[in-house]
């Protein structure tokens, strides 16, 4: 016959099977198998008077104990056995016998059908109803035919063991949920601190990060940004507060398609606004104090210049115009500083300068020359001291700002190092887990090999003993054979001499002995081959013992990795302590800023009080006349006139030559 090679490219297609008929036949066969098994078990129960279905949960319990001992250790397996034993005792003592047998049998059969591939469907439900009906109608009442005392512990185990497994499942579910909750809390805290550290960075770095994010999103094809951000890039937004409020809105719009992350991102945006609002308010307050101080200085200069201008225009203008001018000068910087917190605009200064120049440049210069020393003479020493204190406070404020910027840079560097350390920690943990898995597998293989070695050594000893026993038997058989041959020769000689009757029996005996000798030699050869195979296996196992040194190297590497992880954890804890110290220093700097701002407000209040006192003193002083020798062009006018003073309810006469108190 010729051998034909099959062509793989021209294989025949298998016949198509109808899935509907296959499913029907498979399901019917499966449920028929269930019914046959159930009927056989019931028949065995009735014949042997024992509930054999109770042995299945006991077998499951033994398997679970073996698995727990294999994977979780001896302590957990002992604990599991104790818990199962206590639950069995409770079910045995507190549940009535009939209900105990009914619940155990129904649970076993329902669980047996539940573990099929079909799951919950109409045939399984019908089988459950049949099992429950048979148990409740027939077997619930007939307990006299069974060995109740023998079956009762197994029935209690059929109920107690599932209760224990359900308890462990519930405990694992609760621990899983608690772990998830703890992870979410830690994630929220990390996001909060990360956002705080990002907001602590300088605005230039924030803008750079923002531009990089926008470039990445534009490259990915995300939707367009909000118009407010485009205006900010064009230079429309002057403040930092709009940036802080625009960031969460952008994140919310970009990630609005993901329904699960919507609420989380929105809450994070709100938290970011709440964090940024106090920082922006502090910055605005500092700017307001600086602008207020500058406005006060400008106000003092403008008061002196307006007094000179008003003296020049006293001959031509009425008192109302002077009052309006003074009111505008005095009120405009205050209103600007109170509402906007900014320095008065330079346009008002230019308008006032134009007014002064329109009335005569020479007269204005002379008036300014006369006015400057008078203002310098009228300023008290307290104002000079207050201005010096304000300068010192400004210097302290700038120093605190520099310290704050340095602290923020340190925080950003520490956060970057922390990220690197966390990534290294994750890598080291993964390597540690891999090494532990390798070590566990190596230990398991070592245990298995030890067991195999012990078994093979036992077999080798048994084979050696059998070999020695067979060799002894062979020697004895050889001796017997020699003796029998000698006796046979003698008998043959004797028989040949005397009679020839027993020759046939002796020949048959000799043949049987020869056959037995051949069998023994064959058995001896087989045993020798087995001994050789066992010796080869022993040599292989010895080689494996020599390879166990690699496991020791893995153990040393694992210990080194554990030491490294411990060192990294210690360094991470030290860095967290440094962060806490930096946060405390930042809080102290903010407190010093607040104290400086309070001192500036107190100094401003003292300046206002001193100005009021100066105004009262000027109102009480007598009118002083100046000689016309200084400037022949300017008319003689008093330094202070009653036209410039507003009508007050006091009874003092400012035109009197010498001040006289009122007579009551």
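Placed from the backbone N, Cα and C atoms, the Cβ positions cover glycine too.
If you check Swiss-Prot, you get these features:
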COMPBIAS  252-265  compositional bias 'Basic and acidic residues'
COMPBIAS  320-348  compositional bias 'Polar residues'
CARBOHYD  324  N-linked glycosylation site
CARBOHYD  340  N-linked glycosylation site
CARBOHYD  452  N-linked glycosylation site
CARBOHYD  655  N-linked glycosylation site
MOD_RES   305  phosphoserine
MOD_RES   332  phosphoserine
MOD_RES   631  phosphoserine
MOD_RES   634  phosphoserine
REGION    252-274  region 'Disordered'
REGION    320-375  region 'Disordered'
REGION    630-664  region 'Disordered'
TRANSMEM  28-48  transmembrane segment
TRANSMEM  75-95  transmembrane segment
TRANSMEM  120-140  transmembrane segment
TRANSMEM  154-174  transmembrane segment
Checking distant contacts: for the transmembrane segment (154-174), what same-chain residues at least six beyond its ends satisfy Cβ-Cβ under 8 A?
51, 54-55, 57-58, 60-61, 64, 80, 83-84, 87-92, 95, 100-101, 103-105, 107-108, 111
Neighbour count (Cβ, 10 Å) for residue 452 (N-linked glycosylation site):
14
Which bits of the chain, at least 6 residues beyond where the transmembrane segment (75-95) starts or stops, bring a Cβ under 8 A of a Cβ in it?
61, 64-65, 68-69, 103, 152-153, 156-157, 159-161, 163-164, 167
